[in-house]
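As recorded in TrEMBL:
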- 37-59: transmembrane segment (TRANSMEM)
- 71-87: transmembrane segment (TRANSMEM)
- 93-113: transmembrane segment (TRANSMEM)
- 120-139: transmembrane segment (TRANSMEM)
- 145-165: transmembrane segment (TRANSMEM)
- 177-195: transmembrane segment (TRANSMEM)
- 207-225: transmembrane segment (TRANSMEM)
Amino acid sequence: MVSPVTVVKSEGPKLVPFFKSTCVYFVLWLPTSTPSWFSALIKCLPIFCLWVFLLAHGFSFLGARSSARKILAGLIFSALGDAFLIWQEQGYFVHGLLMFAITHILYSSAFGMKPLNVQAGLLITAVSFLTYLLLYPYLSGPFTYLVAVYIALIGFMGWRAVAGLQLANDLWTWTKLSACLGAVLFMVSDLTIAVNKFCFPVPHSRAIIMATYYAAQMLIALSAVECQDVEVSRRRT
């Protein structure tokens, strides 16, 4: 297993642009009441930096690993979703929802179906069901069905990320833990969005949403480099 120290030394420098662009977003804190292409760029910039992070591992790595390609594709659709949500009050919320739904499908495929981990699936299903029960009284029209489908998709993605961890069997790696934490944070971010939009105002909602979202995307991007790190470790031993 690759040690955390090795991970920090090898991956940390590649993530510096992501951390800097995230700081730029929070420092500028552009008002959401006046959407613009500049505000969309600032919001998407950390995700662009995660594209660069994956591309920095080389085209040969991406070409050899379908999971890494799927996560990169998910990040591309995430950036599109972010851009649409800048103009959500102008009627583009559903477009953003669709982009992130595709992202969750891509991430689920990247995490794979093995191991199955039925217990994790039942837990995530229960959480997803309770989440929909919380939101249902506040939903109307197409959102009654769209939100249900979206919760099912992000719940499925969360299940596949959590299923791979296997802490009890000592079969986990730092990148599986990264995927698990990333998926959970993504669910927290989206739940905050839903409650704030459909139910009631959440104090400091934007800070909570964006902090958990950027952290989630970074952790999921990090999970894509597992195969490379494992291969390097095997060669050294």
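Backbone N, Cα and C atoms are what each Cβ position is placed from, and that goes for glycine too.
Just so you know, TrEMBL annotations never went through curation; they're auto-generated.
Among the recorded stretches 37-59, 71-87, 93-113, 120-139, 207-225, the one sharing the largest number of Cβ pairs closer than 8 Å with the transmembrane segment (145-165) is 93-113.
Among residues of the same chain six or more beyond the transmembrane segment (93-113), those with a C-beta under 8 A of the stretch's C-beta atoms are 66-68, 70-71, 73-75, 77-78, 80-85, 142, 146, 149-150, 153-154, 156-157, 160-161, 163-164, 179, 183, 190, 197, 220, 223-224. Listed as Cβ neighbours of the transmembrane segment (37-59) (distance under 8 Å, sequence separation of 6 or more from its ends, same chain) are residues 14-15, 17-18, 20-22, 24-25, 28, 30, 68, 71-72, 75-76, 78-79, 82-83, 86, 214, 217-218, 221, 224-225, 228.
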